[in-house]
Amino acid sequence: MAHARISMYMPPDIDPTKAAIAYGCRALPKLNEELRSETLLTRQKALVALCDLMHDPEYVYEAINIGCLESLKALLMDDDNLVRIKTTEVLYIMATHNIGRTGFLQHGVIIALSFLLNDFQTVCRENLHQAYKHLAQLPEGARGIVNSGLIPSLVQKLQVEEEHIQEIILDTLAPCLQEDATEALKSQAVPCFKEKLLSGNPQIRSKAARALIAISIPLEGKNQVWENEVIPILVDLLSDPEDEVQANAAGALMHATVTTEGCNAKGRSWRFQGVSESYKLLPNLSSFS
Amino acid sequence: MASAMTDRNPRAAEASGTYTYTSRPRAVPCQRRRYRDSLLQPADEPLNYGNIMYDRRVIRGNTYALPTGQVPGQPDPLELQRQQQARRRALARKRAQEQLRPRTPEPVEGRKHVDVQTELYLEEIADRIVEVDMECQTDAFLDRPPTPLFIPAKTGKDVATQILEGELFDFDLEVKPMLQVLVGKTIEQALLEVMEEEELANLRANQYAYEEIRNVELAEVQRLEEQERRHREEKERRKRQQWEIIHKHNETSQKISARAFAQRYLADLLPSVFDSLRNSGYFYDPIERDIEIGFLPWLMNQVEKTMEHSVVGRTVLDMLIREVVERRLNNYEKKEDTQPSMRSDDVYSGPDTMTDPSGYKFFQGQPSP
């Protein structure tokens, strides 16, 4: 047999930025200890290694059992940018698994993450919002986000953040608003969404329309939608070139007009126009229903 | 050589019928080429017979001297002579030295020197020289072998590598299974990831579809709720209206009947009022009234007074009688106690005392003291 060591150099896929992962069941406890170490480099390398491991749901389960979430919560407050970015990335990857989501809810990670809403690093904020978005897919997660009072700050952030983060925030808000829309209505979400309906990005338009669907389910939402004169914009969006935007706008209109006030003369004209526009849409709808 | 051949032949022929060669004697040609130029060339050339005296193969002169002869490649006879002279000189030197060398003294009279072995192990000394039979036979005339390839002399450094057991392998052969595994695993992993992503996309599409259905149903539910609410309110309103109507109706009929009854009831109000007033004596005859109020009470009072007087008188009388009777009784008792003598008639109980026939209860009821 040839020698095992063929060349003087190490194999090319050993990454110097990753900590060495121990074998078998020692992998995660060792990484957990390294996360608490004093040395910055150790922490960073451990975080990079953890990012790789968290794609496997069994490791996520084990990590939550041994209390990695506590160390990660502590690392969220770290001074170093890379540490924070990688921590949010690990949390985001964990949130894509159901076990991770339930773990978040049990260990109160939502509040810990909310301290980073005003972070300077864009990547950090983006990971944070991605984590929230995946958490909101779960009904308990959406309730958790609503109960921790994050909706007003999220609506606020919607106005100041960048576009791709705005999309993520809108995706987060839609399921949360389906759970409970009162907080959002109190924090002037409807004018905010109305603004987003006029944005140039079709993704943002469609997601804003979806959020409007959710917010106009309760009666208060419908009233606010009428008051803020969102209906004309929605009717315009029915003739938007994007399919998603049309569909969501039609949904929002449907919810907003299911109210007794729709029979009032105040809204009647818009309702009729909306109905006529949706009749125009019928051939399109039947093509992809 | 032919004789040698024939000598050998009987020996060889004994073993097996092998090759034999015979030829009649003939003159040896000279200047014959040692090798044939080509294998195919026949040997029948005009053979030049030469003088045997000038043939190099023939040894001239005395054979007992055995001159070494001039083999090509050897040094020329000058050198040879020099060497011979050197040899002779060496021999002479050696003989001279031998004479100078001290020898062992001659043996004593009657004795003889004998060589004795003094080594540890005795050795048999024999005069016999070890003889070994050696034979040599040159090959039959060979064809001229082909010219060997000209390989120039080696220049440069020699470098050697020791190849251990198992180090030599064919890379292409050995690498195939490894490559298969690597590529296969990578592709498998990639396929898995793609399938995962597809599955996720499918799930998400299902989620969206479900959300749409949920929204539609929610809107439908709300619409139905609204409808229900409206219907219910309408019903409530109508019911209330009906209730009010009926209520009013009842009230009105009650009012009417009450009114009718009241009218009838109050129809003979006046006569009954007057009747009752009259009955309760509000219309009175003044004289009658006066008599009733003034005269008759007075009269009754007087009558009462008179009767009281008589009653009082009777009562007093009763008391008097009682007292007398008691006294009498006491006196009699006393008398009986002391002497049951004759009793005197009580003055007080005369025949003209009359007992009241009315039988006053108080008289009877009075207990005797």
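Even glycines carry a Cβ here, placed using N, Cα and C.
All annotation found in TrEMBL is predicted automatically rather than curated by experts.
The feature region 'Disordered' is assigned by TrEMBL to B:1-30 (among others).
Summarising the annotation, TrEMBL assigns region 'Disordered' to B:67-110 (among others).
For B:85-94, the entry in TrEMBL reads compositional bias 'Basic residues'.
Each residue of the compositional bias 'Basic and acidic residues' (B:95-110) gets a DSSP state, and the totals for helix, strand and coil are 6 helix, 0 strand, 10 coil. Per TrEMBL, compositional bias 'Basic and acidic residues' is recorded for B:95-110 (among others).
Mean pLDDT across the coiled coil (B:214-244) comes to 90 in this model. The annotation coiled coil is assigned in TrEMBL to B:214-244.
TrEMBL lists B:332-369 (among others) with the feature region 'Disordered'.
Annotated compositional bias 'Basic and acidic residues' per TrEMBL: B:332-346 (among others), in sequence order.
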Contacting positions for the compositional bias 'Basic and acidic residues' (B:95-110) when only residues 6+ beyond its ends and CB under 8 Å are counted: none
